Each structure stands twice: as structure tokens, then as C-alpha cells.
């Protein structure tokens, strides 16, 4: 168990290092690209990526989680069957991109989407040929090699975007950067581990095991798409592309703590809990809550700082065209707390093979946004829509909290204490800011 704890600690450190360096790189590239390209291009790509992510999630049968969780996850026949399914799925995804291009372009009234969706979507075919070594490294919590790999691949894609935008400041810079990134990632992934290369295999037993585990993963990830991307789908219809681009910048920055947590969730917590899931409930709960408290404490402080000073980040990094994002960011950051509470405990449900309530929570979140984003926008304009987005994780949190309570693994007291910590730190920081004459975090709303 000691070695597992060491792997978990090392994996968490690598996750933070990898995510931190990735976001620094992403931010630096973003700053350069926002000076070379106009906001409309980021809004357009946000729409394209939303649909591609949606197709990915709507067809996800949990190939990666199956390799991580299944006892046969190191067997060549199991891995190769999973890879074969992945290749078939990639081709199917691209065909879907082609099929939806025309109706999507008509719905949003932009003919560029007719060719953008098939071109950007071609990356799904490339990704289908990615080696299962990416999941094997995750299964073994060997995140050092995986982190270095992802950072270098991201750097190559970003360099292509910037160089292309420098000489030809069009949306092609973003398209070609993503294409090169996908191609390099696919080729290099086959050289990450010494095990035999993937080849086409069809093992009926492995297929049944993947399908059995993946059926609820499929439902859960489909609901995840609806829950996490619905804001951009709906706002893409009611916002201008320029305003959608500004919102996307603010949302991306506000999401940083959640993205860190999601990485730790999938790359460390899920594999570790999966290996301890047979422990008695009381012992398992004690171990989970002990580690969870460390995460909640750190994230409460980080989110409080972002709520209190997030507007400065936008005003400092971006020009006047993105000023509206300054008041959006603190509001969106405040909305991160409920998913933080949920994401630090929901790996238990996946490890138990019971992601049903995760799927239900995500569907409830989607239904909430479908109803209240247009209502909020109609009643209070852009501010109303942003506030609705910030509060959208309440249904998800309630569903996950109920699920872990059923399994006798809940941490309601811990949730309450960490929430009080967040409120206390945020109140203190905002009071200090106000007393120094620096205004409120949403001051840009009225200026």
C-alpha cells in the first residue's frame, strides 16, 4: 500500500506540474494569438470544437477507463481489441462531422462551418489510431512520461499556430495547428512504451467486457457533453461571435482550477481508488476523505483568489476588445465550487462501476441550462446568462452527493467546512480590496 501511496503522490505532483506548464504555455500562446487574430475566429473555433467534443462524448464507450479499470488491462488481446474499436469509432466520428456540417452552418448562419467541421473533425480519424500506451501509462500511474509527452506535443501544435498566424492571420492558423498536434501525438504515442505495437484484433470476450463497463460510461459522457458544452451551444445562438469569443476567453481562465482537478481525478484518483475499492467501506471512506481534504483546502484558497482578483487577470493580459471578460471571470470562478466538491468524490462511483448518478446529474445540469440560460438572458441580458452558467453545477453536485451517500462514502461535513473556508477567504480578500479603494471584482460591469 505504501508503494501505491507513493505512486499517488508522485502522480499528483506530475499532474500539477504538467497542467501548470501546459496552462502557462496555453496562456502565452493565447496572448500572442489574440493579438494576431480577431475575436470572431476564437468564437467560431469554440463552436466547431464544441460539436467535435460533443460527437466524441456521445460515442464514448469508455475505452480508456476500461483499460485502466479492467484486470485484463495489460493483456495484448484486450488492448488490441480496444484499439480496433477506437479506430472504427474515429472514422465514424469524422463521417458524423461531415453529416452535421450543413445543418449546423444553417442554424448558426455562418457558411464557414460547412468546411470547418469536416476539416477540423479529421483529427478524430487521426486520434483513432493513437496507441493504447497512453492508457497503459495512466493505468500504471506513470505520469512523468505522459506529462512530458503531452507538453511537447502541445508546444509543437502551438508553434505551428503562431507561425501560421504571423504570416497568414486567418482561421487556418488554428485549424492547421490542431491538425499537426493530432498527427504528432498519434505517431509518437506508438513509441512511448516497449510493448508490441497495436494491431487489429477482435476478441469477443474483451469486447463484451468493454461494452459491459462502457454502457454507463457512454450515457455518462453523453450527458457530460450536454452539461459542459451546453453553455457555448446556447450562447452561440444568442451571443454575437465576438461576445462568444470574449466569453470563451473568460470561461477558459475561470476553468483552470476545475481542469487541474479533472486531471487529478482521472489520472490519479480513479486509478488509485480502483485498486482499493475492495477495502471495507469505513476504511475506504477514511482514506478518501483524508486525501480529499488536502485538495479541497488548496482549491478553496485558489478559487477565492480568482473570485477576488480574476478581473485584473483579464485587464492585464488582454486589450480593450476583451474588457467584458473582466467582470465575467469572477462570477464564473464563483461557480467552480460546487463541481469542486463533486469532482473530488465522484471517482468513487466510477471505481465501483456505478456512474449512473453521474449521468443523471449531468442530464439535470443540461436541462437546467436549456431552460435558464435563455430565461436569464431575456430577463437580465448577458449578466443574467453568465450568472446562470455559474450556478449550473448544483444539480450535478446533488446527484453525486446522493450517490456516495448511498455507498456510505459521503463527506457532507467536509463539504460544509471547506465551503466556509472558501467564503471566509473570499470575503476577507474582497474586503481588503475594497478598503484599499480598488473596487469590486465585477467593477468592469459598470465601467
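Backbone N, Cα and C atoms are what each Cβ position is placed from, and that goes for glycine too.
The model shown is predicted, which means the values in this text are computed figures rather than measured ones.
Checking the ranges 357-377, 378-398 against TrEMBL, the transmembrane segment annotation falls on 357-377.
With a threshold of 8 Å between CB atoms, the same-chain residues lying at least 6 positions outside the transmembrane segment (114-137) that come near it are 44-45, 48-49, 51-52, 55-56, 63-64, 67-68, 73-74, 79-80, 82-83, 86-91, 93-94, 96-98, 100-102, 104-105, 143, 145-146, 171, 175, 178-179, 182-183, 185-186, 189-190, 192-193, 195, 197-198. Where the transmembrane segment (293-318) meets the stretches 173-193, 357-377, 416-436, the count of C-beta pairs under 8 angstroms peaks at 416-436. Taking every listed stretch (173-193, 234-254, 416-436) in turn, the largest tally of C-beta pairs under 8 A with the transmembrane segment (357-377) is reached by 234-254.
Highlighted: of the candidate stretches 41-58, 78-102, 149-167, 213-228, 324-345, 149-167 has the greatest count of Cβ pairs under 8 Å to the transmembrane segment (7-29). Across 78-102, 149-167, 213-228, 234-254, 324-345, the stretch most heavily in contact with the transmembrane segment (41-58), judged by Cβ pairs under 8 Å, is 234-254.
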